[in-house]
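These come from TrEMBL:
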DOMAIN    2-122  domain 'PIN'
BINDING   Asp5, Asp97  Mg(2+) binding site
Amino acid sequence: MMVLDTHIWVRWVDPEVNPLPSRILTHIAGADQLAVSAITCWEVAWLERRGRLQLQPNLNDWLELALAGSGVDCLPVTRAVAVRAAQLPEHHRDPADRLILATAIEQQATLVSLDAAFDAYKEHIRMLLQ
């Protein structure tokens, strides 16, 4: 399983926004299962509300297409994920990103991200794909 970071998911669903590097696309294409954290859906909605994303035709339809339409599972923020995220060092200042990382850890999945802040999590680096 691969857990997609928010920017990866958005760029994969809508490659015209900012195409992903071919090495990332190759790994995604070869994945047996793709998923995002529920916090990723919140982050997309928040970015859209703040005007940092413009989703077509609208937020709800985009989310439906980006999930069911592309075969991506939405993983819940479980108690185990919440506790794991709270226990992670605060190398990454964004709590949403620590929740995404914790989701990948709890799922024993590969986290797909281009966010260099995740490099500080050396104890989890085997799960990172950059």
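For all residues, glycine too, the Cβ spot is worked out from N, Cα and C.
Confidence across the domain 'PIN' (2-122), taken as the mean pLDDT and rounded to a whole number, stands at 93. Across the domain 'PIN' (2-122), the DSSP tally of helix, strand and coil residues reads 68 helix, 14 strand, 39 coil. Long-range Cβ contacts of Asp97 (Mg(2+) binding site) within its own chain (separation 6+, distance under 8 Å): Asp5, Asp115, Ala117, Phe118.
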